[in-house]
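Engineer: I have a structure I would like to understand better, so I am pasting it below and will then ask my questions one at a time.
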Amino acid sequence: MKKINLTKGILAITLVALTVTSCKEVKKEQHIDNEHHSDGSHDDSTMDSSNDMMGNDQHASKSTALVANYLELKNALVADDKDAAAKAGGMMVSAFDDFETSSFGSEEQQELKDIIEDAKEHAEHIEKSPIDHQREHFDVLSKDMIDLIAITGTEEKLYQDFCPMYNNNKGAQWLSATKEIKNPYYGAKMMSCGSVQKEIN
Amino acid sequence: MLVNDVPKQVENIITTSCYDCHSNNTDYPWYNKVQPVAWFLEDHVAHGKEELNFNEWADYSSRRKNSKLKSIISQIEDGEMPLWSYTLIHREAELSKDEKKIVLEWISKLKDSL
């Protein structure tokens, strides 16, 4: 019994500690997170430092492999093809491993590291999950990719799309190379749900 | 608002139902000594902790926290966690409808505040 109580005590401390940390971080990251929470759109004016990197050719080429794999994954989900999605997920895992951040400024390196750590985990899950689960992870992976591209830029012109229905009407974003809406979260069930939020190039 | 306010109830639920596999504080009862069960637990604890470790929470980036909270919500909503094979031998870890609701509400709030 005593051991259990002790354990609980530690847990309580851990939980409190985690919320304290989260609160501290809220201030720092608020302007970035707000973008996801309000309407999911990215307001360029709040991302000054990343903006400088946009269209920087040296950096844009860094995202090329990732974007290609991501688009393959997206197309597989549009086609309701779990196996192709899993394969593309696996390719993204390698592309994240190969991603070299050393040419970026230190703040950007940190941001990229956080993004890649998170995104890689989602790609790993996509590699080995049923399609519903792949789509859940694709939701967060898409946010990660949008944030990554805000730092690196992209060689290919991309469309940032948004479907307000997915995830209990919380909505979800994705990136596409074509203007026409083809929904990766619903596939054939609701192919045309969504609209273009933004063009990125 | 969230600083000191992890409701006791939420804490108890998560502790009972998730910590055996998702923290460094495992609380194995007697059946830990029974080999097949011990193997089963070891495997799940090792793997579960890789996915999510509440003790490492403070070190997660806020991006990762957000991601994990979303994942926790969907795992609980879909009834995938705690693992059914675990609740078979650990009945008290099973989440009732009310417990689910309490945890989900709190976690959603925490997520929105990040």
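Cβ atoms here come from the backbone N, Cα and C positions, even for glycine.
Automated prediction, rather than curation, is the source of TrEMBL annotations.
Per TrEMBL, compositional bias 'Basic and acidic residues' is recorded for A:29-45. Residues or ranges marked as region 'Disordered' in TrEMBL: A:29-58. The compositional bias 'Low complexity' annotation in TrEMBL covers A:47-57. TrEMBL lists A:67-156 with the feature domain 'DUF3347'.
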Engineer: Reported in the order helix, strand, coil, what are the DSSP residue counts of the domain 'DUF3347' (A:67-156)?
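Structural biologist: Each residue of the domain 'DUF3347' (A:67-156) counted once, the result is 73 helix, 0 strand, 17 coil.
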Engineer: Just to confirm my parser: what is the rounded mean pLDDT across the domain 'DUF3347' (A:67-156)?
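Structural biologist: Mean pLDDT for the domain 'DUF3347' (A:67-156): 96.
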